[in-house]
Amino acid sequence: MGITLRRFLGVQPSKALLLLPFLLTFVLVGSQGEGNAMDNVATERMAEESHRQDSANLLIFIMLLTLTILTIWLFKHRRFRFLHETGLAMIYGLLVGVILRFGVHVPQSMSDLVLSCAVNASPATLLVNVSGRFYEYTLKGEVSRSKGHQVQDDEMLRKVTFDPEVFFNILLPPIIFHAGYSLKRRHFFRNIGSILAYAFMGTVISCFVIGLIMYGFVSFMKVVGQLGGDFYFTDCLFFGAIVSATDPVTVLAIFNELKVDVDLYALLFGESVLNDAVAIVLSSSIVAYQPAGDNSHSFEAMAMLKSFGIFLGVFSGSFALGVATGVMTALVTKFTKLRDFPLLETALFFLMSWSTFLLAEACGFTGVVAVLFCGITQAHYTYNNLSPESQDRTKQLFELLNFLAENFIFSYMGLTLFSFQSHVFNPLFIIGAFVAVFLGRAANIYPLSFLLNLGRKNKIGSNFQHVMMFAGLRGAMTFALSIRDTATYARQMMFSTTLLIVFFTVWICGGGTMPMLSFMSILVGVDSDQENSSSAVLDGSQRRNTKHESAWPFRIWYNFDHNYLKPLLTHSGPPLTATLPACCGPLARCLTSPQAYENEGQLHDDDSDFILNDANVSSMYADVTVSTDASGSRTINRKHSSTASTGGDDGLDHELALAEHEVAIRGTRLVLPMDDPVELPTTVTLPPPPSPPRSDPRRHRL
């Protein structure tokens, strides 16, 4: 031993014995370092493999969207309208789901260990002590209920299953914002009373009708022993709320392509836009229902009133937050020179609009409501402040995002039918759901239409009601609400049934839109601009009736908005120096931009048709009347501002009477250029006695 130590260490044996502990420590540390290095290499390999698999999964969805776009082009080229792109995306998603579920199998990894421990709950985070080193594991969900199931296959299917928050924070905001930003405000506000009735009262009625019917089916399932878990009345109401959110994207696309009657389009589109917001707030209020006592599912009046208060508070708070963000963006774009830099202007507009959703969710409100009304506010005010380049960019940007997000969601629906691990398909519950959805939609449309027709001059015909009943499709919002929580047996059964409802309504109801329009004799080929121009031949009494058909609160709102809010937030409208009192002169001059004086005598108020219904030859600003003569030259006549600034009907009657006088004298009507640059402005010549309106030659039946 002494010889060996002297030979290798070059020291005396006594000294070598003193160095022996340090030598052993060095050997142990070296071996531990080699083990750590091997662990790091293995971890890097796993991370690289996971990255490659995630890229392949995203590539699957990109290929789905690419295939969908190419097939859409083929359908449009062949004029095939029986299947919309959303239904097509679902079919492709189903095919990919079948392949991933049954055609792809991942070999079992030898490094996977299955250990058993007596734990009654499933902790979200698990710390495991392996030889003194602690490792953190995160709960992904239940792998399988059967012991023989392949864990690796479940892992592969989980890879193509997205976190529900991805839908709410990334995919839903552009869809909802685009609905508000592209809203045709003229026809929307012309039917605002009916739209609000269908969206608010109709959604609540549908929710409770569906909830009561489903509670009856669930009670029957308990009696016959077909229910495998707890299912309470609040769960039935929650199911009624999420399936009451309509998304007739297929029907509306066909309506827009065929130019269906604008009032029918406005009623259906307006209801679908608002009832999504109502449905999500209503579902949140039902979840917040907490009666006192041990039984959290018993009926209690105070708890119900509290939930109703939560509904009003969340909806009004979200509404205020969305409008405030839109107003803030309008002020920033008005009082800065961002329009000189269109790229920065577009980026700010995009970020402010998207942050509305996240801000509302972070504050405990509903982002869907906030971003919807933010889009309407941005279109009404901020859009007027943007440069022409930014106006085109924002329209195209959100239209593109809406198209991609919507088709992505529908293709993911088809994939989820096979990739979701905890489906619960109950035949009795599915049959009851279809019956309840049909009866709930009928209870929404027909009684409310009857009540609304009592006060409407332009009646909602029975054929319109049947089409609205048929067009109550379910889509992205229903799917997003149902997939957000699938932890319990009841929520899993709701989600599986909701998928089938969406498939049926999109394929059957969406595909049957053309035969339904033909069967109900709905007019198509109706140009909204041509319809508005034909109203110029109405006589004086009919013209006043047209004015009275618009809701009186919005006639008052129009005057206030036109004289004060539009000049404050945009460069359009009359200058504040002409509408505010003289004592507010310094403030008015400070808040009025130089562009407002330049635009003072120009005709570009898009909302004048809320009251004037686009049937007048003059557009009244506070102190400016712009008219035209037979030669097409424009005349600007200034008058006192009190007539236009008054909010009563006398000022409107005077304005309409002045328009009729100009029509009778000049015999021509000013028609603004339409969006299509190919069509020329239309001139309507009137004989000395006004003649009744003629039938529109552009209208025809299917």
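Quick reminder: no glycine exception, Cβ is built from N, Cα and C everywhere.
Please treat TrEMBL annotations as automatic predictions, because they have not gone through curation.
Per TrEMBL, signal peptide is recorded for 1-33.
What TrEMBL records for 57-75 (among others) is transmembrane segment.
According to TrEMBL, the feature domain 'Cation/H+ exchanger transmembrane' maps to 68-517.
Annotation source TrEMBL lists transmembrane segment at 87-104 (among others).
Sequence-distant contacts of the transmembrane segment (166-183) (same chain, six or more residues past either end, CB-CB distance under 8 Å): 269, 273, 276-277, 353-354, 357-358, 361, 367-368, 371-376, 378-379, 394-395, 398-399, 401-402, 405-406, 408-409, 476-477, 479-480, 483-484. What TrEMBL lists as transmembrane segment is 166-183 (among others).
Sequence-remote contacts of a segment are chain residues at least 6 beyond its ends whose Cβ falls under 8 Å from one of its Cβ atoms, and for the transmembrane segment (195-217) they are 188, 233, 236-237, 239-241, 243-245, 266-267, 270-271, 273-275, 277-279, 282, 428-429, 431-433, 435-437, 439-441, 443-445, 447-448, 451-452. If you look up TrEMBL, you'll see 195-217 (among others) marked as transmembrane segment.
Annotation source TrEMBL lists transmembrane segment at 237-255 (among others).
Sequence-distant neighbours of the transmembrane segment (308-331) (same chain, 6+ residues past either end, Cβ-Cβ under 8 Å): 277-278, 281-282, 284-285, 288, 348-349, 352-353, 355-356, 359-360, 363-378, 380-382, 385, 569-570. The transmembrane segment annotation in TrEMBL covers 308-331 (among others).
Here the transmembrane segment (351-376) has long-range neighbours at 168-169, 172-174, 176-181, 183, 185, 273-274, 276-277, 280-281, 284, 314-315, 317-319, 321-323, 325-326, 328-329, 332, 477, meaning same-chain residues at least 6 beyond its ends whose C-beta is under 8 angstroms from one of its own. The transmembrane segment annotation in TrEMBL covers 351-376 (among others).
Distant neighbours of the transmembrane segment (397-418): 61, 64-65, 68, 85-87, 89-98, 100-102, 160-162, 167, 170-172, 174-175, 177-179, 181-182, 249, 346, 350, 475-476, 479-480, 483, 499, 502-503, 506; these residues of the same chain sit at least 6 beyond its ends, with a Cβ under 8 Å from one of its Cβ atoms. Summarising the annotation, TrEMBL assigns transmembrane segment to 397-418 (among others).
Summarising the annotation, TrEMBL assigns transmembrane segment to 424-443 (among others). Panel annotation: around the transmembrane segment (424-443), residues 205-207, 209-210, 213-214, 216-218, 220-221, 224, 226-228, 239-240, 243-244, 469, 472, 474, 489, 492-493, 496-497, 500-501, 504 of the same chain, lying at least six beyond its termini, place a Cβ under 8 Å from a Cβ of the stretch.
The feature transmembrane segment is assigned by TrEMBL to 489-510 (among others). Long-range contacts of the transmembrane segment (489-510) within the same chain: residues 83-84, 86-87, 90, 228-232, 235, 238-239, 242-243, 248, 250-251, 410, 413, 416-417, 420, 422-426, 429-430, 433-434, 437, 470-475, 478-479, 482-483, each at least 6 residues beyond the stretch ends and with a Cβ under 8 Å from a Cβ of the stretch.
Residues annotated as region 'Disordered' in TrEMBL: 628-652 (among others).
For 679-702 (among others), the entry in TrEMBL reads region 'Disordered'.
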